[in-house]
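Notes follow once the structure below has been shown.
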């Protein structure tokens, strides 16, 4: 009962107020009363001195700021900056602009801003900024009856963002926007984020091709220079790079090219043209990928994560080419060279021995035999020739073979020849084995290729495991 009566009383007393507000609004919008608004604006601007800040000589002016981010257009690693388009709004109170008789806010033409005092705000890490001017200059001045001024701008700024690219492209970057007063110190002006943590909006709408915004932070502090202490506001973005683009454009091609270089291990080692062409092609392709990547990044003095990976892939590709060079050397180089050297050495020794022996005949009539003659005589001996009366084979400690002319008794000579025959055969076999040329085992090139088929994939897999565990975590 009492609630119903109270509601009626509230309606009775509030009705005149609503009627007055509506009448006031209608009177302002009425063309006949536009002269009153014009007189009010003229009165506010008459005698207004833009050279003096509000409450000059008194407490500092408190300037609140809001930012509505329209877009982040580009993040450049080459120039170490990013481009941001935003609606930048500043609020402060200027008692000289307070008015009465008009219960509405006055949104004035943007050119009025040139006749009013505005904060000397600038972006500390700005490289290039501009206020949009299509179709007119994108700025706004709105006056409130209590003298509060809203000054809004649509700005595109390119701000510096110093990046640490050691973990590129598995990195996270912090890019900031530093807002500061250029001339007024903290004795004259103070900055604050209007609305606290909600002072910046539009972050959730931003979509970047290579980054994801993990978080943003707002900071308010004072910085001290030689000319005094100045207020500073900071908007910081934490950007995490999306790895998908780099997997498709860099990592996967590098992995496939590295695997392609291992195909040469399955190609026959005497197919030089195929293996060399494959090795050189993969090396040049890796070089091209490295060159293209360096063109898209700044010239920095430290090694990046992607440099480590591409260098590792390049090493594997280059080692695959060197593996065939080693196989080629074993098959076509070292083996024949060793065989040729041994043959030349043996021939030279044989010629020297033949030449020296041909000129030597001792006093007893011993005749020097060559290895070939010894071999022929042994064939005769093994062939059943048992008559050793005319000749006998003997060896001295120097390994020189002699045929001694002698005429032993028939029975005694046959007995000596038969008894010494096994000993002579054994000794001749041992001496003739020393004359054989040791031909290298050329089948080891197949073993090199077989081991390469196992070692290269295993070490490359281990390299990938260590790389991704280190940089991802």
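Yeah, the Cβs are placed from backbone N, Cα and C, and that goes for glycine too.
The model shown is predicted, which means the values in this text are computed figures rather than measured ones.
When Cβ atoms from all protein chains are considered, those within 10 Å of residue 122 (benzamidine binding site) total 13, not counting its own. Positions annotated as benzamidine binding site by Swiss-Prot, on the basis of experimental evidence: 120, 121, 122, 180, 181, 182, 225.
Secondary structure from DSSP puts residue 122 (benzamidine binding site) in a beta strand. Taken from Swiss-Prot, the feature 4-aminobutanoate binding site applies to 122, 180, 182, 227.
Counting every protein chain shown, the Cβ of residue 227 (4-aminobutanoate binding site) has 8 other Cβ atoms within 10 Å. For 122, 181, 182, 227, the entry in Swiss-Prot reads histamine binding site.
The annotation disulfide bond is assigned in Swiss-Prot to 161-175. For residue 161 (disulfide bond), the number of other Cβ atoms no farther than 10 Å from its own Cβ, over all displayed protein chains, is 21. In the three-state DSSP reading, residue 161 (disulfide bond) counts as coil.
The N-linked glycosylation site feature in Swiss-Prot is assigned to 33 (among others); the stated evidence is experimental evidence. A helical conformation is recorded for residue 33 (N-linked glycosylation site) in the three-state DSSP classification.
All protein chains included, residue 105 (N-linked glycosylation site) registers 12 other Cβ atoms within 10 Å of its own Cβ. In three-state terms derived from DSSP, residue 105 (N-linked glycosylation site) belongs to neither a helical nor a strand segment and is classed as coil. Per Swiss-Prot, N-linked glycosylation site is recorded for 105 (among others), and the stated evidence type is experimental evidence.
Residue 174 (N-linked glycosylation site) falls within a strand when secondary structure is assigned with DSSP. The Cβ of residue 174 (N-linked glycosylation site) lies under 8 Å from the Cβ of 161, 236, 237, 238, 239, each of these being in the same chain and 6 or more residues away along the sequence. What Swiss-Prot records for 174 (among others) is N-linked glycosylation site, and it gives experimental evidence as the kind of evidence.
According to Swiss-Prot, the feature signal peptide maps to 1-25, an assignment based on sequence analysis.
Taken from Swiss-Prot, the feature topological domain 'Extracellular' covers 26-246 (among others), and the record attributes it to experimental evidence.
Confidence annotation: the topological domain 'Cytoplasmic' (268-271) carries a mean pLDDT of 81 in the model. Taken from Swiss-Prot, the feature topological domain 'Cytoplasmic' applies to 268-271 (among others).
Under the heading topological domain 'Extracellular', Swiss-Prot lists 293-304 (among others).
Taken from Swiss-Prot, the feature topological domain 'Cytoplasmic' applies to 329-447 (among others), supported by experimental evidence.
The transmembrane segment annotation in Swiss-Prot covers 247-267 (among others). With a threshold of 8 Å between CB atoms, the same-chain residues lying at least 6 positions outside the transmembrane segment (247-267) that come near it are 169, 274-275, 278-279, 282, 285-286, 289, 293, 306, 309-310, 313, 316-317, 320-321, 323-324, 449, 452-453, 456-457, 460, 464.
Nonlocal intrachain contacts for the transmembrane segment (272-292), taken as residues 6+ away from its ends with a CB within less than 8 angstroms of a stretch CB, comprise 250, 253-254, 257-258, 260-261, 263-264, 310, 313-314, 317-318, 320-321, 324, 328. Annotation source Swiss-Prot lists transmembrane segment at 272-292 (among others), citing experimental evidence.
The transmembrane segment annotation in Swiss-Prot covers 305-328 (among others), and the record cites experimental evidence as its basis. Long-range contacts of the transmembrane segment (305-328) within its own chain (CB-CB distance under 8 A, at least 6 residues past either end) are made by residues 166-171, 246, 250-251, 254-255, 257-258, 261-262, 264-265, 269, 272, 275-276, 279-280, 282-283, 286-287, 289-290, 293, 445, 448-449, 452, 456, 459-460, 463, 467, 471.
The transmembrane segment annotation in Swiss-Prot covers 448-470 (among others), and the record cites experimental evidence as its basis.
Sequence-distant neighbours of the transmembrane segment (448-470) (same chain, 6+ residues past either end, Cβ-Cβ under 8 Å): 255, 258-259, 262, 265-266, 269, 305, 308-309, 312, 316, 319-320, 323, 326-327, 330.
Outside the topological domain 'Extracellular' (293-304) by six or more residues, the chain places 77-80, 165-168, 250, 310 with a CB less than 8 A from a CB of the stretch.
For the binding-site residues listed here (120, 180), the lowest count of other CB atoms within 10 A around the CB belongs to 120. Residue 227 (4-aminobutanoate binding site) sits 50 Å from residue 33 (N-linked glycosylation site), counting Cα to Cα.
Secondary structure from DSSP puts residue 181 (benzamidine binding site) in a beta strand.
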